[in-house]
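*Asks:* I have a structure here, written as structure tokens, and I will follow up with some questions on it.
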Amino acid sequence: MDFACELNIPLLTTRHAEIVYNTVRIDREPKKNVQRIEKLNNNILNVRFEAEEAKFIRVAVESYLEKINSILRTIQRFDPNL
Amino acid sequence: MAITAIGFEGSANKIGIGIIRDGEVLSNPRHTYITPPGEGFRPNLTAKHHQSVILDLLEKALKEANIKSLADIDVFCFTKGPGMGAPLIVVATVVRTLAQLYNKPIIGVNHCIGHIEMGRLITGAKNPVVLYVSGGNTQIIAYSEHRYRIFGETIDIAVGNCLDRFARLLKLSNDPSPGYNIEQLAKKGQNYIQLPYTVKGMDVSFSGILSHIKTIIVGNKQARKNQNEIKQHSYTNEDLCFSLQETLFAMLVEITERALAHVGSNQVLIVGGVGCNVRLQEMMGAMCKERQATVCAIDERYCIDNGAMIAQAGYEMYNADKTRKGMTLDETNCSQRYRTDAVYVSWRDD
């Protein structure tokens with residue numbers, strides 16, 4: 001794979017990070033041309049994207065960040081512990 | 001112990017959230033992504049729509065049900081499939097998050113089974129033959145030994161898809177839905193235009209009819225453009241709508257009747273968005289009358305995709321599961337293809 005992109009997303013707490021990680025890792029990448037590998041380090045979510053072309057990565061990262069955004073907005077509005 | 005279930009539905013252009021407690025619908029708000037005339041709804045934009053609406057809709061559902069907090073809900077249900085990938089994932093993402101925030105069990109529901117279980121709840125029909133007709137699905141279903149078995153289905157596109165794409169050709173409004181506007185125009189149709197009739201045993205096919213009627217419409221447009229003397233009489237939109245409905249619905253009535261005969265049932269339950277169509281209900285009623293059978297039809301609140309139907313099916317699944325654990329998170333992945341008969345119907349004894 002020629003192109004790679006690595007994201008490190010810090011979350012407020014370990015609990016939040018676990019929730020985000022457990023939610024977002026379930027669905028596989030819709031296209032086979034992008035590989036996605038996720039790891040959780042305490043409260044930091046580490047995601048690595050690999051593909052043959054840069055545009056595939058761009059699309060994958062864009063939709064991934066939208067998902068993270070959606071999860072964070074849900075937590076912000078409905079977390080009983082906040 | 002009363003069980004309260006919340007259901008999230010977003011497999012197509014409707015996003016709905018419904019709350020049910022022991023068979024009583026407490027709330028069922030819904031929001032539809034309506035595209036301009038001539039345009040269909042694409043996965044990415046539909047997903048964006050759902051994402052922007054879902055949290056407000058959730059608050060609305062809780063408010064209407066008079067429920068203060070999600071902590072008062074016992075089980076979170078959502079559509080696992082079938083449907084469009086991006087919208088399904090948007091909804092599943094929010095539900096997984098909520099289920100973890102409140103530490104509640106989560107259940108992924110089959111969309112078709114959601115329709116069936118809601119139909120059974122609302123009409124009280126014991127063991128009907130189900131005609132499931134919508135924009136995305138067309139199936140004849142009968143229950144047997146813990147499975148909703150598919151007796152017949154479309155071999156290409158759904159009947160609702162045929163109607164929606166036809167509406168696009170005529171640039172009909174998609175508000176409230178293309179099918180509704182076709183139905184209104186059809187009432188004023190005067191001439192029946194001969195269209196292909198494609199029933200294949202227990203199955204049906206619609207793509208050929210769509211191509212055929214597209215040719216007629218394009219031919220009409222050309223002739224009007226060139227102001228040619230048209231050899232055959234020119235067809236109005238009303239005639240086209242009328243003819244298409246009569247043909248499509250007659251096909252559906254035929255395969256339903258075949259299923260009734262096979263199964264020895266005397267009840268028909270129509271579910272799915274196309275089930276709102278009064279003409280379809282009439283034609284089905286006429287066939288049923290001849291066989292001393294009855295049609296169970298439901299109104300547009302529950303025919304069209306809604307959250308309560310997912311809550312109801314999820315409630316049944318959860319209630320039948322004595323461990324009350326729901327699904328593991330890994331099992332909550334979405335799939336665009338999810339056959340109705342793939343689900344083990346644990347909640348029925350018959």
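Just so you know, glycine gets a Cβ as well, placed from its N, Cα and C.
When I checked TrEMBL for this same protein, it listed these features:
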type	residues	note
BINDING	B:His111, B:His115, B:Tyr132, B:Asp305	divalent metal cation binding site
BINDING	B:Tyr132, B:Val133, B:Ser134, B:Gly135, B:Gly136, B:Asp164, B:Gly179, B:Glu183, B:Asn277	substrate binding site
DOMAIN	B:30-311	domain 'Gcp-like'
*Asks:* Between B:His111, B:His115, which of the binding-site residues has its C-beta surrounded by the fewest other C-beta atoms within 10 Å?
*Replies:* B:His111
*Asks:* Looking at the binding-site residues B:His111, B:His115, B:Tyr132, whose Cα is closest in space to that of B:Gly179 (substrate binding site)?
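*Replies:* So, spelling it out, the nearest of the binding-site residues is B:Tyr132.
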*Asks:* Please classify the secondary structure at B:Tyr132 (divalent metal cation binding site) using three-state DSSP.
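*Replies:* Its secondary structure by DSSP: strand.
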*Asks:* When you average the Cβ positions of B:His111, B:His115, B:Tyr132, B:Asp305 for the divalent metal cation site, which other residues in that chain have a Cβ within 8 Å of that mean position?
*Replies:* B:Cys112, B:Gly114, B:Ile116, B:Ser134, B:Asn137, B:Val271, B:Gly272, B:Met309
*Asks:* What three-state class does DSSP give B:Asn277 (substrate binding site)?
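*Replies:* Looking at the DSSP assignment, B:Asn277 (substrate binding site) belongs to neither helix nor strand, so coil.
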*Asks:* Could you tally the C-beta atoms, other than its own, that fall within 10 angstroms of the C-beta of B:Ser134 (substrate binding site)?
*Replies:* 26
*Asks:* In sequence order, what residues of the same chain, 6+ apart, have a Cβ less than 8 Å from the Cβ of B:Tyr132 (divalent metal cation binding site)?
*Replies:* B:Cys112, B:His115, B:Ile116, B:Thr138, B:Gln139, B:Ile140, B:Ile141, B:Val271, B:Gly272, B:Thr340
